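Asker: Provided herewith is a single structure, encoded as structure tokens, for subsequent inquiry.
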Amino acid sequence: VPKSVDWTKKGYVTPVKNQGQCGSCWAFSATGALEGQMFRKTGKLVSLSEQNLVDSSRPQGNQGCNGGLMDNAFQYIKENGGLDSEESYPYEATDTSCNYKPEYSAAKDTGFVDIPQREKALMKAVATVGPISVAIDAGHSSFQFYKSGIYYDPDCSSKDLDHGVLVVGYGFEGTNNKFWIVKNSWGPEWGNKGYVKMAKDQNNHCGIATAASYPTV
């Protein structure tokens, strides 16, 4: 497994998006993982509709702007037979009624894989599969006001996960400062152009390996 990987440099990752005042991080994490897998399969990077997931995946257990899980989103896409493009079904940051149109579907999946809850397993998946959906504890002001460097907060929990994000790579600075490259959905103004480097191999810091998964296409 390589010592560093960055899928943003290989065309797998769309520009940073902004979820706004809606608890839809799970939808952004899910589209991010599927955008990467569709690019891997087709060589085309197409931005996918979070709004489609917000509006339509309640039967799978999601709650729109009140939260959800990436695996439920992948399950919806499988059962629905597709997911519309961002362009055809733009983001509104609010709960609206399902307006899925199969003719605008830009992706589908056959299910999902849950990665074993270890950073080594996550590292292997990121290296071999592509961007991976993960959930983290992002409930600290240190995270909300993050700007640069490797994020580490001793109060971060590996169990109380409240935010879905996308691991797009990993790397290291110096001898032992290892990090995950994480795409957030709080717009490009947040953090480092919308990204955060999160401490890696520090006892599953912030729970990054606790609920990691990706869709199969």
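Backbone N, Cα and C define each Cβ position, glycine as well.
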Asker: Which of these links to CYS65 by a disulfide bond in Swiss-Prot: CYS22, CYS25, CYS156?
Answerer: CYS22
Asker: Just to be sure I understand the packing, how many Cβ atoms besides its own are within 10 Å of the Cβ of CYS25 (active site)?
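Answerer: Result for CYS25 (active site): 24 neighbouring Cβ atoms inside 10 Å.
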Asker: Write out the long-range same-chain contacts of ASP137 (Zn(2+) 5 binding site), meaning residues 6 or more apart in sequence whose Cβ is under 8 Å from its Cβ.
Answerer: CYS156, SER157, SER158, LYS159, ASP160, LEU161, ASP162, HIS163, CYS206, GLY207
Asker: Out of these recorded positions, HIS140, HIS163, which one has the fewest other C-beta atoms within 10 Å of its own C-beta?
Answerer: HIS140
Asker: Among the recorded positions CYS25, GLU50, ASP114, ASN184, whose Cα is within 10 A of the Cα of CYS65 (disulfide bond)?
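Answerer: Cα filter at 10 Å returns CYS25.
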Asker: Measure from the Cβ of GLU50 (Zn(2+) 2 binding site) and count the other Cβ atoms within 10 Å, all protein chains considered.
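Answerer: Cβ-Cβ neighbours of GLU50 (Zn(2+) 2 binding site) within 10 Å number 29.
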Asker: Measuring CB to CB from CYS22 (disulfide bond), give everything in the same chain under 8 Å that is also at least six residues away in sequence.
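Answerer: In sequence order, VAL54, GLY64, CYS65, ALA93, THR94, ASP95 meet the Cβ cut-off.
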